[in-house]
Amino acid sequence: MREVLVVSESVELAEEYYLSFNKFSSGSTSLLGQVTKASFFSSLASSGTKSLNTKSFGLKSLSLKSLNTKSSGLKSLNTKSSGLKSLGLKNEFDYLTFEQVKSSGLEDERYELILVVCDDTDDFYGEKGLANLTLFHNSLLPNGKFVLAVPLNSPHEEEMRKELMYSGLVDVASCAYYLTKFITGVRPNWKAKGDRKSSSIHAAPIDGYISKAPDYESCSTKPRACANCTCGRAERENLNSTDSNANSTDFNANSTDFNGVDLTTNSKDVSGVDLVVDVDAPTSSCGNCYLGDAFRCDSCPYKGLPAFKPGEKVLLE
C-alpha cells in the first residue's frame, strides 16, 4: 500500500486533491514522476470525474481561504456519499493540518507522496521555509515525491523552488493551471554526507619495506675492542695510538740528544735527578704523560713523577 500524506486546512479539500492526483497516476504518466502542464491537466479534463470541474479548478476550488464548498463541488467528495471506491481510489492517505505537522512533527522516511495545499506561502521560503521543507523532506522515502500547491499569483515562486533544493530535494519543477501553481521535488535515494565504505585496498605494513637494523653491540665492558667493533672504541684506540707515535721522539742509544746529554749512561741534571733512558718504558695511550701530572690521566703509570722528555723515565734517588 502506498503511503501518502495530504496537508491542508480541510479534509474535503485534501480528498479532492488526492482524488485528482490518484486519477492522474492511474494513467501512463504520473504527476509523482515528471510533472508537465499539458499531460497533467489534459488527464484531469479527460478523467470523466464529475466532481472535478476543470473550468472551476482555480483558486476558489483550490485556495484555502477562499474555499467555497457550495460552488466548488466539494460536497460530492464527502467521504460518506462520494463513492470514492467506485472511482477506483484504492489507496488510503493520511490527513493532517499544517499546524498539526508543525506541532507534532512527522515520522522519518514514511511517505511516498506528500501533498501540501497551502494558501500562505510565507511558511515555505526563508529560514522558516527551509525548516518546514526539511521536515517534509525527511518524512519522504527515497525517491518519494513532494508536491506543493500554492496560488498562481504567489510572488515567491522562485524563492520556494530554491528552498526545495536547499532542503535536499532534486528534480524541482513547477506547472500552472488557471490560478494554481504546483511546485514539485523528489527526495534522492542517496544521503548527503552518507556513510562511505572504506577502501578495500590495504597498504602493506611499513615494516615490510624497511629492513630491521642489527642489534647494537658494545665492547665498553671488554678488555679490548671487538674485531667487528661498532661502538667506536676501535677507532678511538687507533687514533690515540697514532697521536702517541707522532708525539714520540725516535732516539738512538749510541747518540747524544737533549742538549748534549749522553743517553747511554746515567747522568744527573742540575736538580740531582738521574736521567736514564728506559727503552722498555710503558707506551702512553694519550701521549701527554711526559708533560706532567696536570696533563696525565687518573690511571697514568707516571702519576706523581716529574715531567720528562719523551723517551725518558725519571728515577728518583
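Glycine too: its Cβ is placed from the backbone N, Cα and C atoms.
Summarising the annotation, Swiss-Prot assigns region 'N-terminal SAM-like domain' to 1-192 and lists sequence analysis as the type of evidence. As annotated by Swiss-Prot, region 'Linker' applies to 193-216, with the evidence given as sequence analysis. Swiss-Prot lists 219-231 with the feature region 'Fe-S binding site A'. Per Swiss-Prot, region 'Fe-S binding site B' is recorded for 286-300, and the stated evidence type is sequence analysis. Marked as motif 'Cx2C motif 1' by Swiss-Prot on the basis of sequence analysis: 286-289. According to Swiss-Prot, the [4Fe-4S] cluster binding site annotation covers Cys286, Cys289, Cys297, Cys300. Among the features that Swiss-Prot reports, motif 'Cx2C motif 2' is placed at 297-300, with the record citing sequence analysis.
Counting only same-chain residues at least 6 apart in sequence, those with a Cβ under 8 Å from the Cβ of Cys289 ([4Fe-4S] cluster binding site) are Phe295, Arg296, Cys300, Pro301, Tyr302. Set side by side, the binding-site residues Cys286, Cys297, Cys300 differ in how many other CB atoms lie within 10 angstroms of their CB, and the most is found at Cys300. The DSSP secondary structure for Cys289 ([4Fe-4S] cluster binding site) is helix. Counting residues of the motif 'Cx2C motif 2' (297-300) by DSSP class, helix then strand then coil, yields 0 helix, 0 strand, 4 coil.
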